[in-house]
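This report concerns only the one structure given below.
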Amino acid sequence: MLNTTSVTEFLLLGVTDIQELQPFLFVVFLTIYFISVAGNGAILMIVISDPRLHSPMYFFLGNLSCLDICYSSVTLPKMLQNFLSAHKAISFLGCISQLHFFHFLGSTEAMLLAVMAFDRFVAICKPLRYTVIMNPQLCTQMAITIWMIGFFHALLHSLMTSRLNFCGSNRIYHFFCDVKPLLKLACGNTELNQWLLSTVTGTIAMGPFFLTLLSYFYIITHLFFKTHSFSMLRKALSTCASHFMVVILLYAPVLFTYIHHASGTSMDQDRITAIMYTVVTPVLNPLIYTLRNKEVKGAFNRAMKRWLWPKEILKNSSEA
C-alpha cells in the first residue's frame, strides 16, 4: 500500500514561540554546535593520529566522537536555520530523513556505550586476556554490527512513518522530526507504530542500558570480593567514571521521553528533554573525556605541541 498523504511539508515550531528570544537562542545554539563539532572532532583526530591511543577503548571513543558530530548535525543546523527564518518548513522527505538519521545515530550510540562498558569489564576483570579477547578483529566486528543494527532499526521507523496518512495539520510542536510528534498528526490507525516505538526502540534503548549496568555490577563485585581492596576498587571506578557520566547524561532524558511516552507527557517537556540528549550530551562528552582521562589529555597536549612547535621554529628563524 502506497503512502496516501496529502501533506507535502511540515512546519517545525521550534524550541519556543517567543520571537524575541530567537536571535539569542541562535547565538547560544550556534556556539554549542561549534564547541560540539570542534571538541568531538579534536578527540577523533587525536585518537586516529596518536599511536598511544590505538587501543580498543580509544577505538570506541573515536566511534563515539564521530557519532556525536553526526548526531548534533542531524538536528542543530535545521534548528539554527529556523531561528532566523519566518517560514519554518521542512519537506516530507526531509522530515523522514531527519527522523531516520536521528534514530540511526541515537540507537547506535546507546549500543556503543554498552560495548564500551564491556571493554572496561574485560580490561579490569580479565586483564591478562584483554588483548586476546578485545582483538582488533572483534572490535571492528562489534563496531560494524552496532552501526548496522542502528541503521536497520531507524529504517524500520522511517518506512513505517512514511506510510502513514497525514491529512490534517502539518504543525510539529518540536524542533526536529521525531516519531512521537509525527504520530500525533497522523490520520488512521497508528497502533503498530506505537508498538514499534515502545517495544523495539524501548528494547534497543533499555537493553544496552541494562548490559552497561551489568558490566559495572561485575566490575564492582569482582574487585570487592576477589581483591578485597578498596584502593583498587576506587582506582578502577575512577577509570570508568567518564564513561558512566556519559551513560547517565544520555539515558536520563531518553528514559523520560521513550519509557514514559504512554503517560501523555506534554510536548514542552519532550522538547526540553530532547535538547538534553541531542544538544547537551554531544557537547559535554568531549569535555568529560578530556578532563577526566589522563591519556586523552596527554595526547591532546602532544598534538598541540606538534602543531605549535613548527610555528615557533619559523618565528625564530625569521627573527634571526
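Each Cβ is built from the backbone N, Cα and C atoms, and glycine gets one as well.
Taken from Swiss-Prot, the feature topological domain 'Extracellular' applies to 1-23, 77-97, 163-203, 260-270. According to Swiss-Prot, the N-linked glycosylation site annotation covers ASN3, on the basis of sequence analysis. Sequence annotations record features per position, and here Swiss-Prot assigns transmembrane segment to 24-44, 56-76, 98-118, 142-162, 204-224, 239-259, 271-291 based on sequence analysis. Taken from Swiss-Prot, the feature topological domain 'Cytoplasmic' applies to 45-55, 119-141, 225-238, 292-320, supported by a curator's inference. According to Swiss-Prot, the feature disulfide bond maps to CYS95-CYS177, an assignment based on sequence analysis.
Of the candidate ranges 24-44, 98-118, 142-162, 204-224, 239-259, 239-259 contributes the most Cβ pairs within a distance under 8 Å of the transmembrane segment (271-291).
DSSP places the residues of the topological domain 'Cytoplasmic' (119-141) in helix, strand and coil in these numbers: 20 helix, 0 strand, 3 coil.
Secondary structure of the topological domain 'Extracellular' (163-203) per DSSP (helix as H, G, I; strand as E, B; remaining residues coil): 20 helix, 4 strand, 17 coil. Remark: CYS177 (disulfide bond) has PHE10, LEU12, ILE90, GLY94, CYS95, ILE96, GLN98, LEU99, PHE102 as non-local neighbours, by Cβ distance under 8 Å and separation of at least 6 in sequence. By the Cβ criterion (under 8 Å, sequence separation of 6 or more), the transmembrane segment (239-259) is not in contact with the transmembrane segment (24-44), since fewer than 3 such pairs are found.
Assigned with DSSP, the residues of the topological domain 'Cytoplasmic' (45-55) fall into helix, strand and coil as follows: 8 helix, 0 strand, 3 coil. For CYS95 (disulfide bond), the Cβ neighbour count at a 10 Å cut-off comes to 26, with all displayed protein chains included.
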